[in-house]
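Have a look at the structure below before the remarks.
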């Protein structure tokens, strides 16, 4: 494996944007866009915990970047740049790092974001990555987790459960869907930046679904001081997820609690239904009403197809 | 070990500053100080690589924070906030995390910085930390690595070699100094923020010494397109380091290449000597002239006490 400086120069310097000073200084320096508030989030991923060690190298950095971008989307923010630290196991092949960086380059183009800085170290443990994303939002316009009101609709973007099913497929616990949709959704989340931005001023509260839909709806409930009822029959499913569920209805709790969705979960008043659907249509990102916030204890209740409360085996995915 | 959410609530939420939204949202939101450029740096640390697994928990987070603050100091920037991701080995005791967080709290008070966000995950590997620091600097005033001119003095702040000697002491390879100065310097770098800020407009080029003085001086040479001669007899040494060197003169190359100094290394014209010393006196951070930049190949040459070039066993500390 090449040395730290050589590796940075060959693989990461080409990702550096304005302000990164070619990764040759002690820090990045840049002027924040005038008149905007700054938004910052950080996430870490560990091989074998947050991604599979044999995932394609080109998807691993992208997953981390997209998980962070999903946090920006949940705040209605626009991406600006990122800093990344990488702890590579000794002996990581140079070609692996090249593929890893090529994936990031593709996503930088897709999401209009640049590398601002970081650090590259070695570890005797598993590959461990950390990424801090910076973005901007109009002052006062950030979407927050708090704000859902009784009577608001519960909305979710895209489809739910694909990531959790994809992980099962990749582990051999579920038959693969022929098109590879589920595995692809596990490996490459789709940050809903355009929809998040369009929801500013429209949604009362928002977050991204990372720990499982049921648990994350519970977060919105606690932040808003109200309850929610989720109708599992209304869950938006991809064709692949719907087929998996039809083949094994016992998968429903996994879809609701499995995590790795990175969809937007948000509250909006019934009067905004038309505007939400217009925002969805305008951004090409579907939005589906899946329930209602209600007065009462700050709990998310999930109803099964029979209208009775669905018992869920656990509250979601905790990293411990 | 408690769950991720409980751990964040009890140990990290008390560190959260304005803009962090109590760590309860998907991202931090804050207004950048008007009229300032933003500065951002990120560093990672792995147990057994960048710190000793049995270092006191209260020093480990502080070391990472200070290493990052040292990057801000090298740019002449003032600290604003930080985001931190922690990958804890399963079974990390709650008391360990409490001490870790208490150390960060002490440093937040000392350096006037707050936690803005982050992520807490578990790892089957060693404790792995990553921190992104954000700061500000007057537009155009950031110190850069490029800019040293032939004829400029080479300056360094504080004392050199303590960190490298401290690591040897902690590993039992050197007798301990009675006051524990060397080990303390290894565990708790002293970011030279006040001096860095005072050098803006005075120094032609600057960086912090993290990889070893000789190697880092080589970085300033390459960035400036000139050479440098360093007089090892002029090295500023602590009493403990001077005693260690007197007992074993063969330690000199370690002092020059060992790293973990986190002092400022900078270039300033001879006409600025008085101003540099005044900045040092005004901030209480010593600065010592240790050599001269010169025309020629972009190499740092170190002279021994006899005035002959001192051969150095390696170019510094690379993390691979």
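Placed from the backbone N, Cα and C atoms, the Cβ positions cover glycine too.
The Mg(2+) 3 binding site annotation in TrEMBL covers A:26, A:71, A:208. DSSP assigns residue A:208 (Mg(2+) 3 binding site) to a strand in the three-state reduction.
Secondary structure from DSSP puts residue A:26 (Mg(2+) 3 binding site) in coil. The number of other CB atoms found within 10 A of the CB of residue A:26 (Mg(2+) 3 binding site), across every protein chain shown, is 28. The Mg(2+) 4 binding site annotation in TrEMBL covers A:26, A:71.
Listed in sequence order, the residues of the same chain lying 6 or more apart from residue A:43 (Mg(2+) 2 binding site) and placing their CB within less than 8 Å of its CB are A:64, A:67, A:68, A:71, A:130, A:131. In the three-state DSSP scheme, residue A:43 (Mg(2+) 2 binding site) is classed as strand. For A:43, A:71, the entry in TrEMBL reads Mg(2+) 2 binding site.
Per TrEMBL, the feature Mg(2+) 1 binding site maps to A:43, A:119. Under the three-state DSSP scheme, residue A:119 (Mg(2+) 1 binding site) falls in the strand class. Of all the Cβ atoms in the protein chains shown, 25 others lie within 10 Å of the Cβ of residue A:119 (Mg(2+) 1 binding site).
The substrate binding site annotation in TrEMBL covers A:50, A:260, A:317. In the three-state DSSP scheme, residue A:50 (substrate binding site) falls into the coil class.
All protein chains shown were included, and the count of other CB atoms within 10 Å of the CB of residue A:145 (ATP binding site) stands at 24. Sequence annotations record features per position, and here TrEMBL assigns ATP binding site to A:118, A:119, A:145, A:210.
TrEMBL lists A:211 with the feature Mg(2+) 5 binding site.
Annotation source TrEMBL lists domain 'PurM-like N-terminal' at A:24-137.
The domain 'PurM-like C-terminal' annotation in TrEMBL covers A:150-299.
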Exercise. When each of the binding-site residues A:43, A:211, A:260 is checked against chain B, which show a C-beta distance below 8 angstroms?
Worked result: A:43
Seminar exercise, completed: For the domain 'PurM-like C-terminal' (A:150-299), the DSSP helix/strand/coil residue counts are 70 helix, 27 strand, 53 coil
Exercise. Whole-number Å distance between the CA of residue A:119 (Mg(2+) 1 binding site) and the CA of residue A:50 (substrate binding site)?
Worked result: 20
For this session: Report the largest Cα to Cα distance, in Å and rounded to a whole number, among the residues A:118, A:119, A:145, A:210 that the record lists as binding ATP.
Result: 32
Exercise. Looking only at DSSP and grouping its letters into three states, which state does residue A:71 (Mg(2+) 3 binding site) belong to?
Worked result: helix
Exercise. Between residue A:145 (ATP binding site) and residue A:260 (substrate binding site), what C-alpha distance do you get in Å?
Worked result: 18
For this session: Quick one: give me the count of other CB atoms within 10 A of the CB of residue A:210 (ATP binding site).
Result: 23
